[in-house]
């Protein structure tokens with residue numbers, strides 16, 4: 001014991017303060033995660049999966065694991081699943097889709113493999129209120145969709161995430177899969193904590209995340225999403241979930257994460273050293289996105305200050321983590337010197353033993369939420385400690401190589417710029433074909449007016465509570481494809497017991513209000529101007545018949561601030 005007091009270790013004071021600070025905040029995060037509560041299911045949900053959910057799955061190499069994943073998605077009864085792949089993979093993926101459910105699974109293609117282009121193509125082909133992006137190996141619990149949709153009852157929420165757990169590729173987890181499971185356990189605590197403290201998230205993970213279609217249909221979003229450059233020079237393909245999360249923050253939408261057993265999905269990780277390449281790609285994306293959020297866009301500081309703090313903390317984390325071994329190495333060296341030459345009385349082995357004991361105790365404490373369910377993984381804690389220091393070095397390497405935007409773990413991902421150019425060309429050709437075949441108001445046949453735009457897939461807001469006698473309509477916000485005037489030639493019909501009758505047609509929705517029961521038929525026009533969605537709708541609702549001549553103008557905000 002005298003050895004501990006016979007030497008002056010002034011360097012311990014600042015590092016002791018740093019250690020206290022970090023574990024103090026860890027305790028706060030742990031307490032906040034315990035205080036967090038998921039949003040419960042509503043008694044009368046506004047959104048129903050079979051009417052309002054489209055699942056978009058961008059993939060190029062889905063295997064048999066896709067069948068298990070797709071069957072788990074279909075348990076939630078979504079309206080449709082869109083598989084977006086490259087053209088040469090159409091046949092194999094169509095076979096997979098046919099083996100699961102050919103009625104509700106559609107396979108669409110893009111010219112070249114590019115995840116963001118695949119996602120945007122799926123967005124353009126979506127007609128429901130909610131889009132859920134999912135990895136081709138993500139296995140959902142049966143309750144995931146209802147709990148995700150519950151969050152959208154709050155009209156301010158634009159994106160919803162879920163908690164995750166690792167699904168082993170084989171019978172037993174490899175050390176790489178256990179390391180991934182450790183990381184996910186810590187992440188589940190962090191996202192629950194940040195959601196509870198200030199409602200923000202560092203990232204809505206792309207493994208499974210839901211968004212309002214109105215946000216993603218915005219032409220500004222679609223262009224920015226597929227033409228995203230780092231430093232204006234290096235086009236990005238990965239990091240789509242980071243882009244989506246930043247877009248929510250910068251455009252005033254709230255986010256939420258349902259971190260509970262009812263939404264805990266299973267996802268596979270690389271069961272070998274290629275997991276390190278995955279981590280490297282994620283780390284580069286995190287650097288690029290966090291630097292943008294903190295210093296370029298800067299919305300995060302006022303919208304979610306706690307999340308901004310965690311981002312700043314991550315910037316310095318590799319430096320503070322590597323400072324520990326440097327300090328210990330210095331103390332060990334000083335302990336080998338004679339005391340008359342400035343050496344320490346404390347033996348070098350005592351310093352090393354104390355250091356490793358401290359690491360083992362503190363890292364095990366951080367992993368207790370995971371070890372509670374899988375105590376057999378305690379033997380991998382030393383590997384997690386080693387990985388932590390490797391990860392700190394990797395973060396510094398990633399910082400120096402942010403210009404590298406390749407995928408890293410997938411073959412077939414070619415030139416991003418070429419893929420984007422090919423998709424832009426395809427979109428222009430589609431627009432020309434649409435304009436050549438859509439008649440303008442007052443015309444018949446195939447005449448063309450310059451005011452008519454392509455992609456006439458926007459629909460009117462619908463009221464799903466028509467059975468609720470006398471209740472005011474619950475507005476569904478839908479976005480236009482390019483913000484221009486649309487002429488709906490389709491005719492819809494529907495009946496309501498009281499208040500509002502709503503019906504959907506092939507290319508439009510008729511909405512009519514009136515007393516008593518009745519059927520509404522109508523032709524609608526819709527456009528967007530100055531941040532508002534405006535609908536022309538038939539207000540009569542008396543009996544049934546052809547389109548009404550009297551139209552009513554209604555305006556409402558596209559989103560609630």
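One is the number of the first residue shown, and numbering goes on along the chain from there.
Every residue, even glycine, has its Cβ placed from backbone N, Cα and C.
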Between 315-334, 335-354, 355-374, I'd like to know which one TrEMBL lists as transmembrane segment.
315-334
The annotated transmembrane segment range in TrEMBL, which must be one of 377-398, 399-420, 421-442:
377-398
Sequence-distant contacts of the transmembrane segment (315-334), meaning Cβ under 8 Å and at least 6 residues beyond its ends, amount to 9, 11, 15, 18, 22, 290, 342-344, 346, 348, 351-352, 355, 388-389, 391-393, 395-396
